[in-house]
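For reference, TrEMBL has these:
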- B:269-388: domain 'ABC3 transporter permease C-terminal' (DOMAIN)
- B:661-777: domain 'ABC3 transporter permease C-terminal' (DOMAIN)
- B:12-36: transmembrane segment (TRANSMEM)
- B:269-290: transmembrane segment (TRANSMEM)
- B:311-337: transmembrane segment (TRANSMEM)
- B:357-379: transmembrane segment (TRANSMEM)
- B:431-450: transmembrane segment (TRANSMEM)
- B:655-675: transmembrane segment (TRANSMEM)
- B:702-732: transmembrane segment (TRANSMEM)
- B:752-770: transmembrane segment (TRANSMEM)
Amino acid sequence: MPSLESNVPIFSAKGLTKVYQMGEVQVQALRGIDLEIFSNEIVVLLGASGSGKSTLVNILGGLDTASGGRVTYRDIELTHASEKELTNFRRLSVGFVFQFYNLIPSLTARENVAIVTEIAENPMTPEEALTLVDLGDRMDHFPAQLSGGEQQRIAIARAVAKNPDVLLCDEPTGALDSKTGIVVLKALQKVNQSLGTATVLITHNVVIGGMADRIINLHDGRISNIERNEKKISPDQMTW
Amino acid sequence: MRTINRKLVRDISNMWGMVFVIALMITCGAATYITFLSTLDSLKETQQSYYQDYYFANIFASLKRAPNHVAIQIREIEGVNRVETRVQSGLNLEVPGFDETVTGMIISLPDEREPILNSLYLREGRLPTPYVDNEIILGDGFAEEHGFTAGDQLKTVINGKEKKLIIVGIGLTPEFIYQGQPGSLSPDLKRFGILWMRRAPLAAAYDMEGAFNNVVLSVTREANTQDVITQLDQILEPHGGLGGIAREDQNSHFFITEELNQLSKTATIIPTIFIAVAAFLLNVVVGRLIRTQREQIGILKAFGYSNQEIGLHYLLMVSVIVIIGLIGGVILGYYLGQELSALYASYYRFPYLNFVINPWDVLAASVISAAAAYSGVFFSVKEAVTFPPAEAMRPEPPKLYHRSLLEKLGAARFLDQPTKMVLRQIGRQRVKIAFGVLGVAFAAALMIVGRMSNDSVKYLIEVDFRQSQPFDLGVSFRESISDHALMEIVRMPGVYYGEAYRGVPVRFTYEHRNHLTAIQGYPQNMKLRKILNTQEQPVEIPQAGLLLTEKLGEILNIETGDTLTVEFLDGSRRTTGIKVTGFINQFIGLNGYMNIEELSKLLPERHVVNGAYLLVNKSYEDEITKELTDSPFVGEIISKQKIIDRFYESTAQTWLIMSLFISLFAGATAFSVVYNNARISLSERSRELASLRVLGFTRGEISYILLGELAVLVLLAIPIGFLLGWALTWFIVWSMQTELYRIPMNISRATYTLAAVIVIFSALLSGLFVRRKLNRLDLIGVLKTRE
């Protein structure tokens, strides 16, 4: 297990708040979050729906901006970044994995990865990325020809192919059955172990917390507690 | 309000961009339809009521001189209703500050009453005082062109004597709706004036006291006009009658009828094409609109709405759009119809305009638009409701794509992923793209059709005037004169060369068909007037026999080698048979051509001519014209350049308006189609594009993927549009041939360029609108929902 204390945090959030204006109603999605995320670690964000998990990850990933507080990624202040800086941040430093894969149906597995490697600065090859998620043999298939688990692993390959500092995964197993979900989690763990990519994983499945270095519980827009997981297990050992 | 109807209202207000472009298509289609058809109806209605209210005569006859009592004989012909004898003559006019030759015609008004045929509509002033020899009514077209009003003076040369006349009124009659020199291409309001003077003073000026040289007749409903003319000709023959002319052959009526015939074809074909194109596009667009609602249809079905209720819901939605479009179309059509009718009415010199809008045309426009829209609804709703609700609620499963043709050919290595996306999208949605291409192509084609009159007439002038008529000045003599007179003209300073011809009015008869026209007798090897064959190549006048205009051959249904009965209407009234030896190409007018010597052998006087073509030094042209005008034997002088200028002058405005109008509609159509395509693509692909934005693609990069597809669409559409435009133009040219004109098929490079530019511009504009939408893509929302 990497020693956290020796690391400089890659993300650091202080007093982060987010208010959505939904018509005439204000929704307080985040009510003051203080958080640091370090390289090499796997963080699992747990919480009921509406607890603010996705909002937090969206702000970390530069998809959304905070209403108050500060969030920095290394030296970059994300809170006040311009549209152009945020695009560039996403382009070079973050990898996303979504619940519904969001693959481009008109591109093959290899090309879905290539579309990202073509614009990244120091990427691996699409083949390397796909081999990492054990899909080396299905590279020329279109999404419509692949199962859900396979599609999600392409999405992981696509996310890691640019060698990002951090991987943000929003319910990556949410649309999958447990067996396939475990295959996907193993892929994520493999990436973390072999590349040292910091991984933030949103789920409401408590079991998945077993593979995390830290488990952060969110409740009603606040961090209710952070647990250190001393007994990390492999996804193989999980059941749900 | 039921919730489902509330949904309707909100959907419409949320999709206002799409609603607007679809309604715009309907507006364009319906407005074109209503504009043209109401113009046509209004002009026909106006012509009819003008003829009726102002007693337009049925028969016209000119003669040398007959004593007044001959009128009694004429009145006794069976079937004759009213008879009006007149004195009329050509004259020269002088307009201060306008140094071109101005000719005119002066016609008598009965001394103490108003004419009972061809009554005057007085625009201003009063009728001339009886027996006063210097008061006239001036034709309104001429008055307007030169700014004459009642009270002004006009200098004229009447029967060789200069005379100052006082204009006491400005008027017009159904006899001169078309005002122009006989044989000219277009109304010539500047250089040809009509004057009316009381009978007694006019008769005195022309030594016509107690006599007349022109008579007009109306006939009863049952009368056979041809029989009346035959009897009239018999009565007038001893008095130098030139043959009675039926209303159908009367210059103004013939011209106006031909023009209205032509307009009626334009007014039917163009709007039919427009509304058909609009209907086609509407059908496609509405179908797509409903396909984007697939999920909602699934949800409604899941809630227990029946297929009929859902169908009705979308029918209502489309009805709202159709109604918005139609209201726009009717208002615009009504307004433009009035404008266009007024433009034509003033061009033809109608005294007033009865603007009518036929409710059937409005109904037809509505039915066509609605039918097109509803069939789009029907098929797409039918398709949408066949899915079980659960499946419909799920968006369509990921589509299976294939490598594009270009990649299969080995270009894959050179293409980046976004380009592959564009190509594969096109490959997968071939039908959708094909419809889009066809829609944009139609818009380009409409542009080409819209500029057709412009292009074709320019071509006509090039071929008919510049190539086949290399002369500078054409001179016609008042009477036939000795061919030696040409020598004198050629000797004038500035004249390089001259050739004389002889023209004789004739009636051609073949089997039961006949046609009034003229034979032009030309010398061998004529240089200043080229006869072009049907391939537009110059041909020689044959030694013997007659060449006919191709169209005249069709009218008479005569073929090469057949013998045509020719009746000379020059006073000799001889009749003979002449063999037709070939056909020629002539866009304007219908004539026969033969060797001048052959022609002279058939007529009493030999070695006479009645016109000449001259090649002159351009800088002497005005001087020569002036000198010829003063010569007693010269009747009319035409300058080729001036005829061309005049033609452009008189028609330029009409073209410009028509062309602008159609370009605007075509542009709107192109915009609608491209915008619609882009919007649909955007809604289909917003998820994909938002995902790419999340992955770090810039706005420009994702725009490329979406707009690249549109660019390919537009680029494919342009050449197809050219072909379609060519085909539609060909169809219109083919269906619009009239006796007066045969429109040549010609599309200029400028037209193709303009069509392409308008389409590209419209595409860019809609691209810009869609780009704005791309900038507002919801990056988070798209990740949270399943596709």
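In case you wondered, yes, glycine gets a Cβ from its N, Cα and C as well.
When Cβ-Cβ distances under 8 Å to the transmembrane segment (B:357-379) are tallied for each of B:311-337, B:431-450, B:655-675, B:702-732, B:752-770, the top count falls to B:311-337.
Annotation: stretch B:702-732 has the most Cβ pairs under 8 Å to the transmembrane segment (B:431-450), among B:269-290, B:311-337, B:655-675, B:702-732, B:752-770. Within the chain carrying the transmembrane segment (B:752-770), a Cβ under 8 angstroms from the stretch's Cβ atoms is held by residues 17, 440, 443-445, 447-448, 451, 663, 666-668, 670-671, 674-675, 678-679, 682, 706-707, 710-711, 714, 717-718, 721-722, 725, all 6 or more beyond its ends. Among residues of the same chain six or more beyond the transmembrane segment (B:311-337), those with a C-beta under 8 A of the stretch's C-beta atoms are 4-5, 7-8, 11-12, 19, 22-39, 42, 286, 289-290, 293, 300, 305, 355, 357, 362, 365-366, 369-370, 373-374, 376-378, 381-382, 385, 661.
In terms of DSSP helix, strand and coil, the domain 'ABC3 transporter permease C-terminal' (B:661-777) has 99 helix, 1 strand, 17 coil. Per DSSP, the domain 'ABC3 transporter permease C-terminal' (B:269-388) is made up of 101 helix, 0 strand, 19 coil.
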